[in-house]
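Here's what Swiss-Prot has on this protein:
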- 3-63: domain 'S4 RNA-binding' (DOMAIN)
- 109: active site, nucleophile (ACT_SITE)
């Protein structure tokens, strides 16, 4: 049985398919001594010698349960695996895996905090991130600037930013959270583009000065999970997550050995 190289490496936990495509374009992946090609088909059981950044990878399937964890990202951490500026990354505090690597389900910019999901199942990560899945991302947003019903309606209908036209699925004031001239809102999106929320508010002359992701799909950030801490999802929540994308994963119904 064959599969595309980006799917094979994604399933092994080496990043999302898009990330792997970028590495291939940059010439960082080789197969049997030759540069890999995007969309190249390989034998899933015996794909040959694969090098990533000149390091040989072990193509060994993880026979254990798929793993997903919640990480409460603090401000100041970046979502890259290796940062050339040597800043703290969200991967630094995660538990080590024996056979593969953690894949982040989307990203949060350095000044955003809150819920990040990580998994060792590249297919799950890809489906949760893909715009076609329409997975909700919920944020608590603190803004500085004048807000009114007209501006809220503009954000609901859609504004043009560098990524194109974007809109909130839901945007409502949080009246129980007020801090002087700052105002809090709950915002829900079904996509995750770079600095999207900040740019949306900037387009209506408001500044986002605090942004917290509190929910991704049906996974809510636990109130007792402190910043910089992680928590592994149990089999019940794993099943809910797979059901969210209509993805039948028989292995989650099996008991861990």
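Cβ from N, Cα, C; glycine included.
Remember, it's a predicted structure, so these values are computed and weren't measured experimentally.
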* Structure fact -> In DSSP terms, the domain 'S4 RNA-binding' (3-63) comprises 16 helix, 15 strand, 30 coil
* **Surrounding CB atoms that lie within 10 Å of the CB of the residue listed as 'active site, nucleophile', all protein chains** => 15
